[in-house]
Amino acid sequence: LGRMKPVIVVHGGAGRIFKEREEGCRAGVVRAALRGYGVLKQGGSAVDAVEEAVRSMEDDPHFNAGCGSVLNEKGEVEMDAIIMDGKNLDSGAVSAVKCIANPIKLARLVMEKTKHMLLTDHGAHLFAQAMGIPEIPGEKLITERSRERWKKNLEPDSNPEEFQKDLGTVGAVAIDSEGNVACATSTGGLSNKMTGRVGDTACIGSGGYADNHSGATSTTGHGESIMKVVLARLILYHMEQGMSPELAADTALDYMKTRVGGLGGVIVVNKAGEWAARFSTKQMSWATVQDDNLHYGIYAGEKHIKSVDEALASEREGF
């Protein structure tokens, strides 16, 4: 069997990325892509690679996932995450989880250690305890920026919708040398959302989908809109009809925009290892590594290319 060349693609969320945060977002997606690619280069699975990439972004306060998650109406962090293995369509997800550093790790455990696919809130908490996942105080996940935004959104004349454009869900898709694909997505959700609100991220087919027969995708954007069109599965459907990753992504995003007025972004890899990073929002931070070359960008049409060695060297110097 011809070995596949491994590919990883990551996103740090579609929306509006404020100037002062651009560098941090760029550095964060690049770091995540390099880490995920490191796993693939050592012969690791696509599932291992996407989990590692997403964990890296959950730990980075620049993104709305893990540490740095936005706050709900009560000022708490409630997080959602999903992971999916394209080999057998196994998936694990958690929703509305609090007080853990890496929801993606818990989602992976749901996939591998239970007969279920989605655990929520209190049940997810009990399962995390049973699995020995350390609990951390909720405050540890809250950044100054998230708290500021939450306060602003509470003001009588505020418009939380305005701020929700700066979304920052994180995700990764990969194909490994065996030709297996996987996806992972993680988020803190919408700023000032109702307590118990769960968006697209934890929902299979919306926040992500992976199937070796076609490819893998992870989404970001307005959750309710993404759920209405089941965006991740829609993209794979278009690829099954013969579209390239780029055309499938654009077609699905366009449908979501015209049909329900929703904006978002997606990353895609198909079973041949072709990839795309597309968005209908102003911006989306993304990065990919293929053939030891790193590509990354934030604005439409922006694409920087570096060799992995060069990128790793500047990583060590602190970018």
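Placement of Cβ uses the backbone N, Cα and C atoms for every residue, glycine included.
Going by TrEMBL, these are the annotated features:
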- Thr169: active site, nucleophile (ACT_SITE)
- Arg197, Val198, Gly199, Asp200, Thr220, Gly221, His222, Gly223: substrate binding site (BINDING)
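Annotated features taken from TrEMBL, shown on the structure.
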residue : record                   : CB count, 10 Å
Thr169  : active site, nucleophile : 33
Arg197  : substrate binding site   : 17
Val198  : substrate binding site   : 21
Gly199  : substrate binding site   : 23
Asp200  : substrate binding site   : 30
Thr220  : substrate binding site   : 32
Gly221  : substrate binding site   : 27
His222  : substrate binding site   : 24
Gly223  : substrate binding site   : 29
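Listed in sequence order, the binding-site residues from Arg197, Val198, Gly199, Thr220 having a Cα within 10 Å of the Cα of the residue listed as 'active site, nucleophile' are Thr220.
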